[in-house]
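As recorded in TrEMBL, the features of this protein are as follows:
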- 78-269: domain 'EXS' (DOMAIN)
- 141-160: transmembrane segment (TRANSMEM)
- 188-204: transmembrane segment (TRANSMEM)
Amino acid sequence: CFIGLLICPFDVFYRPTRFCFIRVLRNIVCSPFYKVLLVDFFMADQLTSQIPLLRHLETTSCHIFARAFRTHHTVSCNSGRLYVELTYIISFLPYYWRALQCARRWFDDGDVNHLLNMGKYVSAMVAAGARVTYSRQDNHLWFAIVLLTSVFATLYQLYWDFVKDWGLLNPNSKNPWLRDDLILKNKTIYYISMALNVVLRVAWVETIMHLRVGPVQTRLLDFLLASLEVIRRGHWNFYRLENEHLNNVGHFRAVKAVPLPFREIDSDS
């Protein structure tokens, strides 16, 4: 029903917004063949936080087809070869699209920071793939691989969050370890958000602990982790847009000051 509503051609239920959403998704999926706009990379970053949702949609769809077609057994929804391959693809795709966007921005702007940003998403892909493999091959070798790749990717992401995306941790700022220009008057909120971001970035630790709980509790833990990622992304969205608005860090504007949408009128005329 939701897919039908999304592609509905009639001018009902905010058709311009729906079609704009489809156009942005097209630009993301077809990266790097489209010039990367602010809305494109911003939406692609949201998709990297929706991997748990996409994987649960995969499982739900598999069970629906298993009930609809008797030739398809439900056991294949947990251990089937096609299911496992799709799990890897879903875990990689959002990071892959975002990495291609970084490559396109480097090609357009020639800024090496875009290549470094691409490296962040590549490390996230490697860590995600290692965790998926470890969930099916529980041994000491894969545990060590998961630990190394996940710690490296987390440190990489935390650095990029604080320094590049949020513009914080500036030791020379007039606001200690923040930045010169801030929108929120209460500076304590920035420090709390940084600490919260660190905690939520390491939530992946629960996925490798293999807690001995029942299937219902396992689903509740998955739901909790996905919810925490939504909260973390909400914090990231605010400070990323704040930094873009104040400092134009992404160079999406030609000038730093945005003029008002009207001209000043001489009072003498």
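From the backbone N, Cα and C atoms, a Cβ is placed for every residue, glycine too.
Automatic prediction, not curation, is the source of TrEMBL annotations.
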**Report entry** Confidence summary (mean pLDDT) of the domain 'EXS' (78-269)
**Finding:** 88
Query - Tertiary contacts of the transmembrane segment (141-160), as residues 6+ beyond its ends and Cβ separation under 8 Å - result: 117, 119-120, 123-124, 126-127, 130-131, 133-134, 197-198, 201-202, 204, 208
